[in-house]
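*Asks:* Once you've had a glance at the structure underneath, I'll fire off some questions.
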Amino acid sequence: MAGRQQELPTITPYLQETSPERAPSLPPKKKLRKNVQVPDRVPVLPPSPEVVPDSEEEEEEVVYTGFSHPGVQVVQKASGKRYVRRLEPKGVPPPSEENNEEEEPSTSKAVTSVVLNPQAEPLVSAWEKGMDLMIKLMEKYHVEAEEKNGFKFLPEQSNVYRKICQTWLNEEHRGLPLTFTSHKTFVEMMGRFLRAYVESYAGVKNNEWEPTGCAIWLHGCTEQEGVLRCYHGLEMIQKEQLVEMDVASENAQRALKEHPSRAKVVQNRWGRSVVQLKNDDARCCVEDVSCATNVFSAKSCGLFFSEGTKAQTAFLQIEAFMQAEYPKMQNGLKRLLMVMRCDCLYKPTGVPQLGRQMCKATPFALSNVDSLRAEEVTDKVALASIQYPCVLVYQCANPVYRNSRGGQGPNCDFKISAPDLLGALQLVRRLWGENVDGPLPKMLIPEFKWSSRLQYRNVALPASHGDGEKEPF
């Protein structure tokens, strides 16, 4: 064993060449050419898209809809989360807005556009804003529960506003003095003005319905003495008028008392005693020159004054009354707030009625004003009526007087004077200030412009009376 030689490890030449102890040397680096540009950054290829099966869209349920402009919907998903979705008008593509709502991670590619609230406050629609105010007023002024629960800003729900104003008047203004105005009509006009303020405050105004039934008329009846203008904007024609009234009627007794020189009791062609009143200063529309008394042409505006001087005095009275009430007024001095629609015409259908399409304007004389001395009165508002002792009164478009036969058209007991109409607006503003914080909303009353739609109607349109049957015969 001692003489045996030590054995050397046997390794094949191939293994010796590839062994890590004897790794082959790297090839020499090549020098880059000067004209070769090396990119600063190697572009990274996008990862291969993963194939994800399409997931079914979550079921959505509309909780409620807000009647704003544009409208909104509160939608609840199957997971219980809610978001607000805006309803775009027809023909307008929806805006591309991202949904920032925190949701559970989902692989669905469906994107829902929502309305983002930059102020991080709950969205309140115009309908909700108006309903909050109306609920407050209805609870405070004791509106019945049935009407309160069914209130939805519909045009035919005007009685809610009237009841609010009536309760407020009973609590705050008992014994309200009125001049040739019925209390019912005064409350009606207060309700209309209150409705206009509520709709303006909330932003739920209907463009097809004017709630006040009023207009601002640039009348031009005080620019020149003896010159009156009708609703066409043209000068009214002076002609003679002969009126016969029953002796027992209210108008006949008033004519005998106020105009003893022009009114007399005579017998008509049938042998009955009547009061005959002759008016030499009557004024009519230019379209009614050839018409008899109380007869109007198809193109007439329906405006007629039996005494032109008395009518101009009434226009001067309301002008002086407004100037005394608003001494800093700039634009409204020559304009008149007038009622266009009485209870007969205050309907959202817009169907013309038989007769006049506007309220009848009549000048009424203030009695016992001659006994007052202007130097003894310091109130400028009262001085306007002392200086011009006539007021303009708006009545039903086709009024029916006591002891007289009614006409074919509809009629009501609407009656309010021009000063009391302005007073109704003032009291509504006071009611608003007592119940709503902040500035008074701007109420826009349209300016009067003559339209052929307002012409006198001698023939009524065929009307439907309703029928529940499917077939007429």
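Every residue, even glycine, has its Cβ placed from backbone N, Cα and C.
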*Asks:* The Zn(2+) 1 site in Swiss-Prot lists Cys230, His232, Cys301. Which one of Cys214, Cys285, Cys291 belongs there according to the record?
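*Replies:* As annotated by Swiss-Prot, Cys230, His232, Cys301 share the Zn(2+) 1 site with Cys285, chosen from Cys214, Cys285, Cys291.
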*Asks:* Please identify the range among 173-207, 243-277, 348-382 that Swiss-Prot labels region 'Flexible loop'.
*Replies:* 243-277
*Asks:* Since Swiss-Prot lists Cys342, Cys344, Cys396 for Zn(2+) 2, which candidate among Cys390, Cys412 does it give for that site as well?
*Replies:* Cys412
*Asks:* May I ask you to indicate which of 429-443, 459-473 is given in Swiss-Prot as region 'C-terminal arm, DBP binding'?
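*Replies:* The range carrying the region 'C-terminal arm, DBP binding' annotation in Swiss-Prot is 459-473.
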*Asks:* Within the same chain, and leaving aside Cys342, Cys344, Cys396, Cys412, name every residue whose CB is within 8 angstroms of the centroid of the CB atoms belonging to the recorded Zn(2+) 2 site, in sequence order.
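*Replies:* After dropping the recorded site residues, what remains is Asp343, Leu345, Cys359, Gln395, Ala397, Asn398, Pro399, Pro410, Asn411, Asp413, Phe414.
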*Asks:* On a C-alpha basis, identify the one among Cys344, Cys396, Cys412 that is nearest to Cys301 (Zn(2+) 1 binding site); the candidates are the binding-site residues.
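*Replies:* Checking each of Cys344, Cys396, Cys412 against Cys301 (Zn(2+) 1 binding site), the shortest Cα distance is to Cys396.
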*Asks:* Measure from the CA atom of Cys230 (Zn(2+) 1 binding site) to the CA atom of Cys412 (Zn(2+) 2 binding site) and give the result in Å, rounded to a whole number.
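*Replies:* That comes out at 24 Å between the alpha carbons.
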*Asks:* Here's one to test understanding: among the recorded positions Tyr141, Cys344, Cys396, whose C-alpha is closest in space to the C-alpha of His232 (Zn(2+) 1 binding site)?
*Replies:* Cys396
*Asks:* Taking the center of the Cβ atoms of Cys230, His232, Cys285, Cys301 at the recorded Zn(2+) 1 site, which other residues in this chain have a Cβ no more than 8 Å from that point?
*Replies:* Tyr231, Gly233, Leu234, Met236, Val286, Glu287, Ser300, Gly302, Leu303, Trp450
